[in-house]
Amino acid sequence: MTEESNYSGDSIQVLEGLEAVRKRPAMYIGSTSTQGLHHLVYEVIDNSIDESLAGYCDEILVNIHEDNSITVEDNGRGIPVEIIEKYQKSAAEVVMTILHAGGKFDDKGEGAYKVSGGLHGVGVSVVNALSSHLELEIRRAGKIYRQRYNKGVPEAPLEEYGSTIKRGTKITFWPDSAVFETVNFNFETLSQRFREMAFLNAGVRIKITDERSDKFYEFMYEGGIRSFVEYLNRAKSPLHPAPIYFHGKKENAEIEIAIQYNDGFDEKVFSFANNINTHEGGTHLSGFKAALTRTMNTYATANNLLKNVKIAISGDDLREGIAAVISIKIPDPQFEGQTKTKLGNSEIKGHVEALMNDQLAMFLEENPQVAKKILEKGIEAARAREAARKARDLTRRKGALEGLSLPGKLADCQEKDPALCEIYLVEGDSAGGSAKQGRDRRYQAILPLKGKILNVEKARFDKLLTSNEIKTLITAMGAGIGKDDFNIAKLRYHRIIIMTDADVDGSHIRTLLLTFFFRQMPEIIERGHLYIAQPPLYKVKRGKKELYLKDDDTLLDYLLDTGTEGVALEMDNGRKIVRGKQIIPMLRYIIDYNMHFDKIVNRGIPAQILSIFLRGKIRNGFADQPTLEPLVEQLRQIEPMARFDLMDDPDRIIVRLGNLHARIDRQTVEILSTHEYKLLTQAYRQVEDICADHPVVISVEGKQEQEVNNRQDLLDAILSRAKKGQYIQRYKGLGEMNPDQLWETTMNAEKRILLQVAIEDAVRADEIFTVLMGDQVEPRREFIEMNALNVVNLDV
Amino acid sequence: MEKIIKLSCPYCRTETQWQNNPSRPFCSERCRMIDLGRWDNEEYAVAGEKVREPADDPDETSFP
C-alpha cells in the first residue's frame, strides 16, 4: 500500500438511495432495539478498522457523550473529498448518503480494500439515515473538511474550513429516537466488541470513553489473537505457557489461528471472518476441527501415545479445555445461517485444514512436551466420556438394580419396614459367616463384600470394589442410582452399618464404601442412615471377667489402670512417693518419650549416640558450621567414656564406646534440626529425672517388691504386673470372633457403639480418598492411620 | 441457619457447595456420571501398603 490515491473519488461506486432505510430500518441493521442501536456504532468503526487493515490507521477513539450521541474518530487517511462526476457531489457525501457506497464495493479487485469488515455490508450511510443529526469531519491532505446532516440529508455541501497536519475521519451522530426503542448506549456491550476488534487486529489501539459515567477503557494487543486466547484463559490454568499460533495465506484467504489449552473442560472456540464473529461457525471452523482431530491422532499414533488406550480420541475429546480463535480474512465472505453468522465459502474449509495440518504437525514435532500434555488431556477426556457412557448404561438397567432380584450373597432380614431394618456391610466371607450367625435375623441383614486386591507393582497391593460388588450394593439398597432413578423413599434399610476389620485393609474397604455412598448416594448420609460399627480389637479375660477393648489406646488405658492398682513408687531415695493413679501420667510420659526416641533411631542414629545427644542437651546449629569439630568438643565433655575422633574427613565423626563403633555425619546432624527431634527433647525433659540418681522402689499394698534402675524397667514392671493373670487376645479380624462375641460386642443394639457418619466427615473422607487415589504414599499413610474418619460419637 | 458446606467437585475440582446442588457433591451431573462410570469400570483402587524392605545399611552402625 504505497499510494494513498487509490482511495479516491473514482473508486466509489454507488448502488442505491437511502429512502428505504428509514422506512424499514430492521432490514438493514437487524432491529430497532438496543442491538440495532449498537449496530450503528459497529458500522462506523468498521470503516476505521478497514483503514487499519489496509495499514493506514492505528488508533480509534470512541466517545459516548452525555446526550447519548457518539463520536468515532480515527487516524486513517480520511474519506476522499473529490467530486464524483456521476453525482456532482463529494465522495464523502456519496459515502454518507448513498446505500452500499464505499471503497469496498469496487469489484475490479484493485480497489482500496482487498479485504474489509463489510460487517453487514450496508455502510455508514445507514447510520446517517437513522440519525437525527450527524457531523462529519475529515482531515486529509493538510486540510479540514466538514459537513452536517439531518436524518441523512446534508445541510450544505462538504466545506473546507481550515488546515491541519493531522489526518483521519471523525463522525459524531445522534441516533434518531423516533426510530429506536432506546437511544441509551451500553458501555460494556460496546467495550466487549471493541476489545474483540482490538484482538483481531493486532496493534490497533481502541479507546472508549463514557462521558456519562467517566468510564474508560483502552484496548491494544500486540499479540493479536494470541492475546485473545490468553484472555479467554485468564481465569484458568493454561496447560502450556505460550499459545500455539499459525498464520498463512491460501489463495485469497488470510488465515490466523491461535490455540491454548487450559486444565478445564469447556470448549471455547471463536471463529471470525473479516472481523465478524461467526457465531454459527461455518467452513473455517469445520476445517479447523477436522485438522485438529486428524493431526492430533496422527501424531499420537506415530508417537505410540495411544498404546494403552482402548477407545478412539474424538474431536470432542480433543477440544475439552481448548481456547482457540480462528480468524480469516477473505475478499468475498458469504454469510449464511439464521443470523447470517455462518461462513459459507466452501473453498475455505480446505484452505484452513491444509494450513493447520501442516503447521500443527510441525508444531507438535517441535514441541513434544506440549504435544504430550495436550494428548494426555484428550485421552483423559476420552476415558471420561467412556465412563459416563458406562454409567448411563448402568442407570438404565432398570429393574435389575431396584431390588427386584436381590443378590444371592445378601442375608436379608424378616422385617419389611425400612425404618426398622438394618444392614451390615461386612468385609470378607468369614466375617460375613460370623455375622450371619450372630445377627438378630428379625431386623438385621448382612451383605458380605470383598475388596478385590490388585497387584499394582512389586510389594504394593491396591484394594478396590469390583463392578459386581458395586452393583450388588446398589441392588441391596434398593433405591436405584443416578439422577432420575435414585429414590431415597425406596431405601430398604434405615441403618446401613459398615463393619470392617480394625486393620489397614479394613480401613481401605471402609474408605471405599464411604466414598461411594458420599458421591453416588449422598442423601443416605444426609439423612443419617450411614453408620460405622466398632468391633473390638482386644479381648481381655481375667478369671471369669471378660472385657472387650476397641483399640490399642483403650488397651493401654486398661493396662495402666490395672498395673498401678495398689502400687506406690518411692523415688529420690524415699523423698518422693507417688501412688496409684498418680503414677499413670509419669508412665505415659515414658511411653511418649519411647515413641519419639524410636522414630529418630529409625532415621539412622544409633540409640546410644542419641542418648548422648539428649543427655548433653545438644540442639541444632551444628549443621551450619563448616566442620563438625565443635560438636566433637561438646560430645567429649558429655561422655568421657567414649572416644570421638574426627578422621581425615571433617564431616565425619567416628565414635567408639564399648562395643559400639558408629559414625556421625552431616546427615545425622541434620536430624537435630527436625521437628521430630524437638518433640523428642520436649518428651525427654519430662522423663529425665526418673531413675536419674536413685533407683525407684516399687511396693504393692505397702510391701516392697522390686527396685528398678531405669525408666524402661519401671514401665515394664508395671505393664507385666498388669498382664499377670490376664489373657489378652488380639483379634486379627472379625472372622476370629465367634458369632456370639460379634453379637455381644458389635451388633447388639443395646450394647454396641455406632458412629454415625455426618456430611462434613464424608466431605473430609472424600478429600482423603482423593489423596489415597494419588501416587503420594506418605500423606496417604498418615491420613488413613491418623484421621481417616472423624465421626460423631453417638450411642445408639 | 444451616451452614453452607463448600467443597471441591470430586472429579474436576471446581469449587462447589453442598446445599441447593442436585449433583452434590459434584459440580455437575456430567462429573457425577463420569465418577459412577469409573466405579463401574473398577478404576478406584485405594493404594495399599508398600511392604517395607528391612533396613540393612551396615555402614550405618558398624565401622570397618
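Note: Cβ is positioned from N, Cα and C throughout, glycine not excepted.
Note that this is a predicted model, so its numbers are computed, not measured.
Here TrEMBL flags A:GLU427, A:ASP501 as Mg(2+) 1 binding site. For A:ASP501 (Mg(2+) 1 binding site), the same-chain residues that are 6 or more apart in sequence and have a Cβ closer than 8 Å to its Cβ are A:GLU427, A:GLY428, A:ALA431, A:PRO535, A:LYS732, A:GLY733, A:LEU734.
Mapped onto three states, the DSSP output places A:ASP501 (Mg(2+) 1 binding site) in coil. What TrEMBL lists as Mg(2+) 2 binding site is A:ASP501, A:ASP503.
What TrEMBL records for A:421-536 is domain 'Toprim'. Across the domain 'Toprim' (A:421-536), DSSP assigns 46 helix, 34 strand, 36 coil.
Taken from TrEMBL, the feature site 'Interaction with DNA' covers A:LYS452 (among others).
Residues annotated as site 'Interaction with DNA' in TrEMBL: A:ASN455 (among others).
The 10 Å shell around the Cβ of A:LYS452 (site 'Interaction with DNA') contains 14 further Cβ atoms across the protein chains shown. Least packed by the Cβ count within 10 Å, out of the binding-site residues A:GLU427, A:ASP503, is A:ASP503. Cα of A:ASP503 (Mg(2+) 2 binding site) to Cα of A:LYS452 (site 'Interaction with DNA'): a span of 16 Å.
This prediction places the mean pLDDT of the domain 'Toprim' (A:421-536) at 86.
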